Amino acid sequence: MTIYYSLTFLLLATEMVTFTTLVIPFPFAVRKRVFTFLSESPIVAKIAYGIKISFIFVGILFFDALQRMFRITAESDMAKNNQQGMGVGDVRTETSFAARKFYAQRNVYLTGFTLFLSLVLTRTFAISLDLIHSQEEYAKLKKASPSSGSDIEKKAREYDSLKAKFDSQTKEYNQLADKYNKVTTGKADKKKD
C-alpha cells in the first residue's frame with residue numbers, strides 16, 4: 001500500500017513543478033510555443049489521458065484513506081473509553097493508535113492535495129491558453145488597423161488648428177470690441193450688446 005502513496009507523492013511533486021512552470025512569466029513567443037505544443041501534441045494528449053486515469057486511482061485512494069482515518073479515530077476513541085473505565089492505560093496501544101492515525105491523516109492530505117492541485121493545474125492551463133489566444137487576436141486587430149494611430153495624430157492636428165483659429169478669432173473680436181468702445185466712448189447701452 002505504501003508504494004501507491006509513494007507514487008501519489010511523486011505525482012504531487014510533478015504537479016507542483018508543472019504548476020510552477022506554467023505560471024513563470026516567460027516571453028510571449030516562448031509561452032505561445034510551449035502552450036501550442038502542449039495543447040496540440042498527440043504524445044502529450046496520450047500522457048494526459050494516462051494521468052487522468054491515474055487520478056481516478058488517486059480518488060479511490062483518497063476515499064479509502066478517508067474511511068481508514070475515520071475508522072482508526074473511532075477505534076482510538078473506543079479504546080480510550082475502555083481504558084478510562086479500567087483505570088489502566090497501555091502506552092504501546094496508545095502509540096500504535098497515534099501512529100496509525102497519523103499515517104491515515106497523512107494519506108488523506110496527500111491524496112486530497114494531489115486531486116485539488118490537478119483541478120487547479122487544469123484550470124490554470126485553460127486560462128493561460130485563453131490568454132494566449134486573446135493576445136494573438138489583439139495583435140491581429142492591431143495589425144489590421146495601423147491607421148488608428150495616424151487617425152489620432154490627424155485629429156490632434158485638427159484640434160490644434162481649430163484651437164489656433166479660435167484663439168486668433170477671440171483676439172480679433174477683443175480688438176474690435178475695444179475699438180467699438182473707444183468710438184462710442186463707453187456710452188453704448190450694455191443691454192443691447
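Cβ atoms here come from the backbone N, Cα and C positions, even for glycine.
Residues annotated as coiled coil in TrEMBL: 152-179. Across the coiled coil (152-179), mean pLDDT in this model comes to 88.
The domain 'BAP29/BAP31 transmembrane' annotation in TrEMBL covers 1-140.
Look at TrEMBL and you will find 7-27 (among others) tagged as transmembrane segment. Within its own chain, the transmembrane segment (7-27) has Cβ neighbours under 8 Å at 34, 51, 54, 58, 61, 110-111, 113-114, 117-118, 120-121, 124-125, 128, counting only residues six or more beyond its boundaries.
Per TrEMBL, transmembrane segment is recorded for 47-66 (among others).
According to TrEMBL, the transmembrane segment annotation covers 108-126 (among others).
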Tally of residues which DSSP labels helix, strand or coil - the domain 'BAP29/BAP31 transmembrane' (1-140): 130 helix, 0 strand, 10 coil
